[in-house]
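Q: Got a structure for you, written out below as structure tokens; questions coming shortly.
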Amino acid sequence: MTSIFHFAIIFMLILQIRIQLSEESEFLVDRSKNGLIHVPKDLSQKTTILNISQNYISELWTSDILSLSKLRILIISHNRIQYLDISVFKFNQELEYLDLSHNKLVKISCHPTVNLKHLDLSFNAFDALPICKEFGNMSQLKFLGLSTTHLEKSSVLPIAHLNISKVLLVLGETYGEKEDPEGLQDFNTESLHIVFPTNKEFHFILDVSVKTVANLELSNIKCVLEDNKCSYFLSILAKLQTNPKLSNLTLNNIETTWNSFIRILQLVWHTTVWYFSISNVKLQGQLDFRDFDYSGTSLKALSIHQVVSDVFGFPQSYIYEIFSNMNIKNFTVSGTRMVHMLCPSKISPFLHLDFSNNLLTDTVFENCGHLTELETLILQMNQLKELSKIAEMTTQMKSLQQLDISQNSVSYDEKKGDCSWTKSLLSLNMSSNILTDTIFRCLPPRIKVLDLHSNKIKSIPKQVVKLEALQELNVAFNSLTDLPGCGSFSSLSVLIIDHNSVSHPSADFFQSCQKMRSIKAGDNPFQCTCELGEFVKNIDQVSSEVLEGWPDSYKCDYPESYRGTLLKDFHMSELSCNITLLIVTIVATMLVLAVTVTSLCSYLDLPWYLRMVCQWTQTRRRARNIPLEELQRNLQFHAFISYSGHDSFWVKNELLPNLEKEGMQICLHERNFVPGKSIVENIITCIEKSYKSIFVLSPNFVQSEWCHYELYFAHHNLFHEGSNSLILILLEPIPQYSIPSSYHKLKSLMARRTYLEWPKEKSKRGLFWANLRAAINIKLTEQAKK
């Protein structure tokens with residue numbers, strides 16, 4: 001209780017400061033365990049909380065903390081300070097919390113300090129109480145820690161008028177039995193914690209029955225000598241009967257005999273104490289004390305924690321009998337290695353029993369019919385194994401509402417019998433056991449709160465007893481692969497299912513669980529596929545207060561490309577997840593593509609191109625069957641000329657005369673095409689038997705369909721032979737917009753190839769004819785000419 005109270009004061013002060021101040025790191029400075037030998041000089045003037053504990057500081061000067069005008073909490077415990085002048089804090093007017101415990105202080109010099117709420121001078125080397133008259137002005141003081149080896153009643157007078165919430169008094173190792181027994185009587189405090197010297201037989205006569213004290217804690221009690229029989233300590237406890245205000249008594253770190261331990265219990269039994277707690281006990285010797293007097297007690301709760309005992313030289317049933325027949329409402333025995341507990345000999349008033357962290361087995365309270373008033377039973381961390389036996393144990397506990405059997409080795413085997421629970425049970429904690437899916441066939445019918453986390457559950461069977469009253473279910477840290485739904489749990493409002501194997505949660509979960517007000521399902525290996533999309537959509541319709549940990553704890557685990565992605569950021573297109581829509585889209589796309597291709601074929605005259613390709617292919621196939629020498633002999637012309645009929649005047653009067661006068665053999669369609677052959681075949685033959693193909697380009701050319709065909713086959717021959725056999729003569733300029741779309745090859749050729757432009761000036765024509773003759777000049781064989 002002392003540590004809790006101490007912590008609460010610190011926590012409230014720090015919380016108050018954090019509310020009032022910004023949370024910037026410069027306000028909170030922690031230099032503990034840094035090996036410091038003096039107070040750091042680089043502290044910010046805004047420092048509010050300074051922790052320099054567990055260092056080697058031996059002195060504290062005004063200059064060390066002069067600049068820290070906003071300092072409220074200073075923790076300088078566990079250092080080597082021997083002398084302190086409290087005036088060093090005269091410039092720290094906001095200082096409220098000062099911890100100087102666990103130093104080597106032997107003397108202090110006082111100075112008026114009115115704002116301190118917490119002052120700890122305990123565990124130091126003072127000979128007398130370090131209380132001076134200036135302490136009397138600390139009207140806000142709530143905690144005072146002191147240490148001394150010499151106690152006098154007069155030392156307390158300066159602060160007797162102060163109402164201090166908690167006083168901690170540490171008595172030095174030289175404190176003895178000759179000290180003033182009334183030295184504590186002038187303390188005005190609600191809570192008093194006295195720490196006696198360690199490892200020293202208790203021979204003190206101090207009167208701890210301070211009239212204002214409601215909470216008393218005594219630490220370091222050693223009385224193991226048989227001749228002593230713990231008489232000194234028992235005398236101190238006996239005086240507590242004169243303090244009607246005392247309601248809480250705590251004993252820490254006790255080393256005594258079994259007889260003395262039971263005597264302590266017996267003595268406290270007849271005081272005004274309501275709550276009695278004993279912890280860290282070491283017991284030895286025999287137990288002869290058998291006749292425990294339970295009458296006339298005010299005690300409501302007894303707690304015994306962490307007991308170590310030598311080898312028992314007496315039947316343990318003596319102890320169990322004393323414990324089981326106690327006429328109190330709340331009884332706790334934990335960390336004692338207790339192996340059994342007897343059933344009370346008559347109807348017991350126990351309402352709350354806590355036997356956690358012991359060695360109890362399934363036989364505890366077997367066939368016990370005297371715990372009819374019991375409401376809460378805690379058996380966690382024991383040696384329980386068979387659930388059916390535990391359930392049977394509860395059948396005679398007609399008032400039992402809460403049962404905790406967590407952290408055992410409990411399992412359920414259907415072959416070993418059915419489960420019969422008390423009908424009154426409302427809350428059941430079976431976490432951290434080895435339970436499997438079968439547990440859902442062995443549950444109390446009226447259960448409201450069920451904790452099954454950290455077991456071996458893989459699924460919740462559909463054929464289970466309907467738990468219509470179940471409101472809270474915790475199945476975290478199992479191996480569940482889906483959210484359970486509320487078909488069998490119609491009242492379920494709280495579900496904890498984090499850290500399982502849920503990958504594809506059911507999309508209709510929220511529809512089936514209309515009463516859900518809190519669900520914690522994060523930290524599962526969600527597979528971000530189409531199936532998860534519906535679940536995520538349903539989450540968007542749920543309040544953020546319902547889904548705990550959303551969105552940070554809900555992440556994709558698969559596929560690898562999505563791993564680590566928050567579910568709220570995961571999206572898949574409707575098309576990829578809807579098969580029907582995908583098929584319709586594909587069919588529609590194919591139809592559109594078919595219509596488009598058909599239209600393009602019609603517009604670009606694709607059938608004609610196909611026919612021409614067939615003719616070209618047939619001609620080329622025939623040509624491949626002719627030997628190379630014969631192909632060379634077949635080269636009969638220097639050039640084939642393709643032109644529009646509208647340009648025939650220029651061809652016959654300009655082009656032919658200038659070429660043929662130099663002996664050039666020219667192929668013209670009106671004089672060299674073979675009658676009877678198809679026009680296409682004549683064109684192909686003429687192109688193949690010509691060294692070059694000359695095209696006379698003009699606006700008339702692009703309007704001629706046959707010119708188009710001739711250009712098409714010449715272009716094919718160009719790429720097939722890998723030669724440079726194409727010559728373009730631009731007779732008249734051709735605007736790009738006037739070239740039909742079907743002449744796309746002409747556009748391409750004009751963009752990529754150099755052409756000869758017919759000059760209008762006569763002076764330039766000589767060079768034109770020279771270039772043209774040079775381009776088509778080749779020596780034909782005599783046989784080819786013939």
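If you go along the chain as it appears here, the first residue is 1 and each next one adds 1.
Any Cβ shown, glycine's included, is placed from N, Cα and C.
As the structure is a computational prediction, the values presented were derived from the model and not from experiment.
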Q: Ranges 293-296, 313-316, 501-504, 629-632: which does Swiss-Prot label region 'Interaction with bacterial lipopeptide'?
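A: Checked against Swiss-Prot: region 'Interaction with bacterial lipopeptide' maps to 313-316.
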Q: Mean pLDDT, the repeat 'LRR 19' (501-524)?
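A: Within the repeat 'LRR 19' (501-524), the model's average pLDDT equals 88.
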Q: So what's near the repeat 'LRR 5' (151-175) in sequence-distant terms, Cβ-Cβ under 8 Å and 6+ beyond its ends?
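A: Same-chain contacts beyond the ends: 2, 5-6, 9, 120, 122-123, 125-129, 131-133, 135-136, 138-139, 141-145, 182-198, 200, 204, 206.
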Q: How many of the residues that make up the repeat 'LRR 8' (224-250) does DSSP mark as helix, as strand and as coil?
A: 12 helix, 3 strand, 12 coil
Q: Which residues, given as numbers and ranges, are at least 6 beyond the ends of the repeat 'LRR 8' (224-250) yet have a Cβ under 8 Å from it?
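A: For the repeat 'LRR 8' (224-250), the sequence-distant neighbours (Cβ-Cβ under 8 Å, at least 6 residues beyond its ends) are 1-2, 177, 201-218, 256-257, 259-260, 263-264, 267-268, 270-279, 284-285.
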Q: Restricting to the same chain and to residues at least six past its boundaries, which positions have a Cβ under 8 Å from a Cβ of the repeat 'LRR 13' (362-388)?
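A: Same-chain residues near the repeat 'LRR 13' (362-388) but 6 or more away: 340-341, 343-356, 394, 396-413, 416-419, 429-430, 435, 439, 442.
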Q: Quickly jot the same-chain residues contacting the repeat 'LRR 6' (176-199) by Cβ under 8 Å, restricted to those at least six beyond its ends, or write none.
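A: Contacts with the repeat 'LRR 6' (176-199): 2, 5, 122, 144, 150-153, 155-157, 159-170, 205-208, 210-222, 232, 253.
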Q: By Cβ distance under 8 Å, which residues at least 6 away from the ends of the repeat 'LRR 11' (309-337) in the same chain are close to it?
A: 258, 262, 265, 282-287, 290, 292, 294, 297, 299-303, 343-346, 348-359
Q: How many helix, strand and coil residues does the repeat 'LRR 14' (389-414) contain under DSSP?
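A: Its residues fall into 7 helix, 4 strand, 15 coil.
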Q: Near the repeat 'LRR 19' (501-524), which residues from the same chain, at least 6 beyond its ends, have a CB less than 8 A from one of its CBs?
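A: Residues 476, 479-483, 485-487, 490-495, 531-532, 534-535, 537-539, 541-542, 545-550, 552-554, 557-558 contact the repeat 'LRR 19' (501-524) from elsewhere in the chain.
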Q: So how many of the residues in the domain 'LRRCT' (525-579) end up helix, strand or coil by DSSP?
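A: Residue counts in helix, strand and coil order: 22 helix, 8 strand, 25 coil.
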